[in-house]
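K.L.:
Swiss-Prot lists these features:
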TOPO_DOM  1-18  topological domain 'Cytoplasmic'
TOPO_DOM  40-162  topological domain 'Periplasmic'
TOPO_DOM  184-220  topological domain 'Cytoplasmic'
TOPO_DOM  242-253  topological domain 'Periplasmic'
TOPO_DOM  275-291  topological domain 'Cytoplasmic'
TRANSMEM  19-39  transmembrane segment
TRANSMEM  163-183  transmembrane segment
TRANSMEM  221-241  transmembrane segment
TRANSMEM  254-274  transmembrane segment
Amino acid sequence: MSSNFDKFQKRRLISSYFSVVLSVFLVLFLLGVLGLFIINSKKLADDFKEKIAMTVFFKNEANDSIIKAFNSELKRAPFALSYVYVTKEKAAKEHTDIIGEDFLTFLGENPLLNSYDIHLKADYVERDSILKIESALRKNTMIEDIVYDKQLVNLVNDNIKKVSMWILIISGFLTVIAVLLINSSLRLSIHSNRFIIKTMQMVGATKSFIRKPFVMRSVKLGMLGALLAIIALIGLLFYVETNFPGLGILEDKALIGLVLLAVFGLGVLITWVSTHFATQRFLNLRTDDLY
C-alpha cells in the first residue's frame, strides 16, 4: 500500500515538474519569437527607409569643380549612406529608355539637369531631420532644386510608430501572461509540498532555509525550460534563414545573442520570483488553512 502511494506521489511530482518546464518553454519561446521579430522588424524598417532617395539638382552654371566640392561634402556628411552622380546625358538616356522615344530629337536640347541621388541613413529619414538637411543643402547657391517623396517619408514614419506601439502592447501583454502561467504552474507544484513547508516551520526552520530548496529546484526547472526555448529558437532561425535567405535574419548575431540571453535570464528570474512568493504564501498560512 505504501509502495503504491509512493509511486503515485512520484508520478504526481514528475507531472508537476513537467508542467513547469513545459509552461516555461512555451512562454519563453513565444517571447523569444516576439523579440526576434522586433529586432528584425527594425532592420526591415531601416532597409525600407534607406531606399528612399533624395535628389539634388544643380544649375547649368555648376561646373566640375563645384560638383567635386559637393561630392567631398557628401563624403564627410554623417547623414549620407550612399550617393550617385547622374549627369544630364545619363538622365536623358534613362528617360528615353523609359518612354521608348528619343525626346531630345523634337526638343532640340537637353532640359534635364545634373544631379545627385542621395540615400540617407535610416536615422535621418525623419520629417525634422530631412528638413534640416534640405535647409543646409539649399545654402549652396548652385543647387537648383531638392526633390524627395515627402508623403512617403511621413507615411513610413507614421506606420512604423503605430507598429512599434502595438508591438510594445503585445509584448507587455505576453509578459504578463508569461508570469501568470509560470506562477500558476509553480504554485501548483509547491502546493503539494505545503505540509512539508509547514512542518519544517513548526520545528524551527527559518523562512529562508525553507524557501531555498524550492527556489533552487524551480530555478533549475526554469533554466531547463529556457534552454529548450533557446534550442527551439535557434532551430527556427536556421529554418527561416534556409528557406528565406533574402531576409538576412542571421546577420545581426550580437542582437540575436542578446535576445537568447534575455530568454535565459527571464526563465531564471520569473521562476525565482514566483517560487519565492509562492512559498512565502504557504509560510504565512495558519495550519488550519492548509486543508
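Every residue gets a Cβ built from N, Cα and C, even glycine.
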K.L.:
Considering only the recorded stretches 19-39, 221-241, 254-274, state which has the highest number of Cβ pairs under 8 Å to the transmembrane segment (163-183).
P.N.:
19-39
K.L.:
Which sequence-distant residues neighbour the transmembrane segment (221-241)? Criterion: at least 6 residues beyond either end, Cβ under 8 Å.
P.N.:
17, 20-25, 28-29, 32-33, 36, 182, 247, 249-250, 256, 259-260, 263-264, 266-268, 270-272
K.L.:
Average the pLDDT scores across the topological domain 'Cytoplasmic' (184-220) and report the rounded value.
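P.N.:
The average pLDDT of the model in the topological domain 'Cytoplasmic' (184-220) works out to 72.
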K.L.:
Going along the chain, which residues at least six beyond the ends of the topological domain 'Periplasmic' (242-253) come within the CB cut-off of under 8 Å?
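P.N.:
Same-chain contacts beyond the ends: 36, 39-40, 43-44.
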K.L.:
Within the topological domain 'Periplasmic' (40-162), how many residues are helix, strand or coil going by DSSP?
P.N.:
66 helix, 24 strand, 33 coil
